[in-house]
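TrEMBL annotations:
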- SER220: active site, charge relay system (ACT_SITE)
- ASP346: active site, charge relay system (ACT_SITE)
- HIS375: active site, charge relay system (ACT_SITE)
- 140-381: domain 'AB hydrolase-1' (DOMAIN)
- 25-50: transmembrane segment (TRANSMEM)
Amino acid sequence: MQRLAMNLRMLSRELSLYLEHQVRVGFFGSGVGLSLILGFSVAYACYYLSSIAKKPQLVTGGESFSRFLQDHCPVVTETYYPTVWCWESRGQTLLRPFITSKPPVQYRNELIKTADGGQISLDWFDNDNSKCYMDASSRPTVLLLPGLTGTSKESYILHMIHLSEELGYRCVVFNNRGVAGETLLTPRTYCCANTEDLEAVIHHVHSLYPSAPFLAAGVSMGGMLLLNYLGKIGPKTPLKAAATFSVGWNTFACSESLEKPLNWLLFNYYLTTCLQSSVNKHRHMFVKQIDMDHVMKAKSIREFDKRFTSVMFGYPTIDDYYMDASPNRRLKSVGIPVLCLNSVDDVFSPRHAIPIETAKQNPNVALVLTSYGGHIGFLEGIWPRQSTYMDRVFKQFVQAMVEHGHELSSM
């Protein structure tokens with residue numbers, strides 16, 4: 001680092017002398033603009049390579065999992081180069097839904113009944129043309145959990161399915177109740193603390209393909225729900241492994257960060273309106289137990305959760321709900337290999353709330369922490385339309401667990 005800093009200082013001094021000379025010449029000649037552009041480009045490139053492009057921090061609770069990832073999922077140890085013109089957290093977060101492609105996917109929809117009389121919408125990508133796993137009974141299955149108000153149509157879900165198709169795997173997307181266009185049959189929606197619907201879905205999928213390797217990946221709130229499930233059930237799950245992306249580890253810290261003025265303006269208020277819209281479509285189902293007019297006046301996610309979610313699921317206070325919803329409390333009980341990708345500049349999940357010390361105590365957990373990437377951003381390349389760093393982590397990890405997961409048990 002000292003040598004790099006010395007080289008950069010020397011380069012900056014030489015660049016300054018060069019620009020000073022060019023500007024003097026330019027007063028009497030030409031090329032000043034080009035020189036300034038060249039100089040700025042060199043300075044920016046130096047700054048980018050020294051301060052922005054960095055290897056992620058890999059935190060594991062055991063040496064065996066760390067070696068496994070280095071051998072079979074090398075992307076977690078390679079330098080992550082964020083998009084050079086958009087590396088800041090908010091920019092990555094805001095741009096990703098608009099710039100990344102949406103690969104076409106043909107789903108087969110299935111509605112399954114729940115114990116309380118409700119129904120859950122599952123969108124299947126069967127991948128019947130798989131050349132690697134022609135036998136459907138043994139074809140690896142990946143369960144995908146979208147974010148807060150997300151569905152199977154989200155670009156990050158479509159990318160995961162496209163990558164799984166390349167590997168020959170089958171995918172099924174778990175759409176939370178009431179968000180994917182299906183009729184809400186009971187006055188109940190969803191939250192990341194209550195894992196009953198996820199348990200029902202996992203049981204259902206496993207019962208259909210009991211011989212197939214079964215994995216799961218959750219994004220944002222979907223990852224929180226997945227981790228809470230894994231923390232509650234421990235090793236007694238049919239899942240072979242799991243991955244999470246941009247999880248909010250501590251719900252209190254997430255809310256506090258999102259309520260800062262700029263973050264509220266860019267993210268919080270918009271997501272609140274999305275939540276309100278998702279429940280207002282089923283307004284007639286809730287009016288007997290919830291003051292929906294009061295819910296529709298909420299100006300933040302915390303206010304929405306206080307007036308709707310915590311009431312819906314019977315929590316005495318919003319603090320009780322947020323305590324139960326925070327997956328950092330259950331990480332120590334996770335009983336299968338789990339890889340968790342977070343960016344430390346994610347305003348949805350601030351750096352100080354990431355449970356690094358807890359992760360070090362569980363040999364089944366690996367945290368991959370990038371310096372930049374935002375919330376479900378992880379854009380890379382000059383024009384990051386086709387793939388992101390998150391996509392590469394997902395593909396390498398699920399392939400590693402399907403093809404080499406047995407090595408972990410023998411380490």
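Placed from the backbone N, Cα and C atoms, the Cβ positions cover glycine too.
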* **Chain-internal residues, separated by at least six, CB under 8 A from HIS375 (active site, charge relay system)** => SER89, GLN92, THR93, SER220, SER246, SER343, ASP346, VAL347, PHE348, SER349
* Asked: Using a 10 Å radius around each Cβ and counting other Cβ atoms from all shown chains, which of the active-site residues SER220, ASP346 yields the largest count?
  -> ASP346
* Mean of pLDDT values spanning the domain 'AB hydrolase-1' (140-381) -> 97
